[in-house]
């Protein structure tokens, strides 16, 4: 019975899905796209100062090893032979920046996460010296000059971390986004690891020319980035190197398996949703929220605050495809904030129960601009607000407002995309962990006033990475021909409110967004000692107390 089961499975493909909140390793049947097994580990985020977001690159790498080991263990329990795994793909959180020592394999600083805001004053000073015109960066990269992207994070590390400066001087430093760090480590690390990235991840650094598909010398000179530390840029589907993890007893059977697919997480989801045609779009609900529309082989530049990015290049000799993207910084992260910071919920799943209890925000609106506002505003001065509170408001209303906020932000970027493309989307394909929340999906259909369509298997990001890996030349176990792609079962959510109510709620949300702007100004120092500022409140308290004591004595006539 067991041998018969093995015989029908055919070639398997694994996928590392390394996101902002968690790491997963998933294994798919390449003939049916069926998910056979997976394991997930939550990843810590560190907030050393206001606006700073970091992660430990070694913890990220260890989480990958753990997920591979546990998944292989589960496959063994299912009597599935892991030697059937013929390739591995990688999808990853984009923009997050790592610099490490190529001789020791040690990170030289924590990973600076895409959400991090410490580089705002760097962005402002750079914007004042853009050569020629304000489109210098955007015309080459498709991106606005923003704290979001890797170049300014790398610039900060070079300016402020002595270990990084010294390693660059001594030709020991390597830079990469999370995909580069993982592929280098998984293919041998300091003992011959492959230092590479793919076109989708490179296109998020602000150093990559999306027309020539090469690192841009002028951009590197503008940001003062030494090109010798940059990874080699490859397509999204080719053999980069072979797995070398013999130190891991349970995952050692994957030794020698090719890593042959690599896509930034949002591009991976586009592939996993099979959005291969011009005009097809998907929205992924993760830590942030990302709406991508395939624009085919042409670069479409937005006039409404969207990004132009590389969608995928599925083979060395295959054409590059582009996408328009609307990025929302905070989606699932707001649920984590309600859990970890406010203690309103004990688990992420609990928010659906709270929202269901009331079925309305009761006029409460939540703008979770914790890291400023991304598309379509690109407003770093914004901060989170909750408004419309009354004595009747309770945690259930706030939970509902948090879910609505995700949907309103999606509406904003969908409106921008419809204006850029000229043809409104008739429905929205969705994926990501938050799509398991049925109230969120129904709210999204109501607020967009179009149907929302969700695949029954929500792991489309990992699926996209697996498809790219399995289709690579030299692997060839996964066909991407339209006639060979597996049919996907979908769940459909139709709008249940009238258009007028949808518009009223949306217009009130827009008022709340306006109130969130202009809350902060750039701090004078990005690297100053925070302990200096910590002492100021105490100083003010002492001085004001002495003044009040003297005043009281004077008024009472005391000597």
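A Cβ is built for glycine as well, from the same backbone N, Cα and C atoms used for every other residue.
Quick caveat, the model's predicted, so the values are computed rather than measured.
According to Swiss-Prot, 20, 21, 22, 332, 433 bind ATP; the candidate from 71, 284, 287, 489 that the record adds to this site is 287. Annotated glycerol-binding residues in Swiss-Prot are 94, 95, 265, 266, and among 65, 148, 240, 312 the one listed with them is 148.
Sitting within 8 Å of the Cβ centre of 20, 21, 22, 287, 332, 433, and not among those site residues for ATP, are the Cβ atoms of 19, 286, 333, 336. Nearest in space to residue 266 (glycerol binding site), taking C-alpha to C-alpha distance over the binding-site residues 252, 287, 332, is 287. Binding residues for sn-glycerol 3-phosphate (20, 94, 95, 148, 265) extend across at most 15 Å, taking the greatest CA-CA distance.
What surrounds the glycerol site, by Cβ distance within 8 Å of the Cβ centroid and not counting 94, 95, 148, 265, 266, is the set 93, 96, 114, 204, 264, 290, 327 from the same chain.
In this structure, of the binding-site residues 252, 332, 433, the smallest number of CB atoms within 10 A of the CB marks 252.
Cβ neighbour density within 10 Å is lowest for 21 among the binding-site residues 21, 266, 287. Cβ crowding, taken as the number of other Cβ atoms within 10 Å, peaks at 265 among the binding-site residues 95, 265. Of the residues the record lists as binding glycerol, namely 94, 95, 148, 265, 266, the two whose Cα atoms sit farthest apart are 15 Å from each other.
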